[in-house]
Amino acid sequence: MKHGYQEMKGRAPLEVKGQTALEMLSTADNVTAGGGGVERVGGVTTGDMKECAGCGKRITERFLLKALDLFWHEDCLKCGCCDCRLGEVGSTLYTKANLILCKRDYLRLFGTTGYCAACNKVIPAFEMVMRAKSNVYHLECFACQQCNHRFCVGDRFYLCDNKILCEYDYEERLVFANMAYN
């Protein structure tokens, strides 16, 4: 059965989220490796050659990729948006709306977005964030909202009235609150 790239585009949308589907295959030896889902197959013979699902040509190189139960040249399995080689960016690919995507583009196109609790601007789904309880922040917004002190790993911070405070400003707020109470 021929699986050219054009035929793949005509298929029904694949709804596979976060499928770990890339398997690097060596066509040089007969070893089955355990653990990481890597399968090694025997040497290439004329009848054994696989056909690339991307370009439709026979795969004669030593290494090939197996994804979505199809075989691919390393250069043919690419993200449908950014053209990055999926065999080089990890072992996870995403498919949706007839597209094969890298994680970044999948999240950019189909991931959910949220809003930063500090600046109220949109946080794209692919962006790294900081969380404090149910609040989500851009990395650059995760700072004391009183003095703008940027936190380092291990620094204490406090969430007070949905505001992030450094230890100094939190203690100062407590002192003034106690003075007002007395």
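Our numbering is plain: 1 for the first residue shown, then up by one each step along the chain.
Backbone N, Cα and C define each Cβ position, glycine as well.
What TrEMBL records for this protein:
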DOMAIN    50-112  domain 'LIM zinc-binding'
DOMAIN    114-176  domain 'LIM zinc-binding'
Open item on the list: If I take every residue in the domain 'LIM zinc-binding' (114-176) and average their pLDDT values, what number comes out?
Closed with: 90
- [ ] Using DSSP, break the domain 'LIM zinc-binding' (50-112) down into helix, strand and coil residues and give each count.
- [x] 8 helix, 21 strand, 34 coil
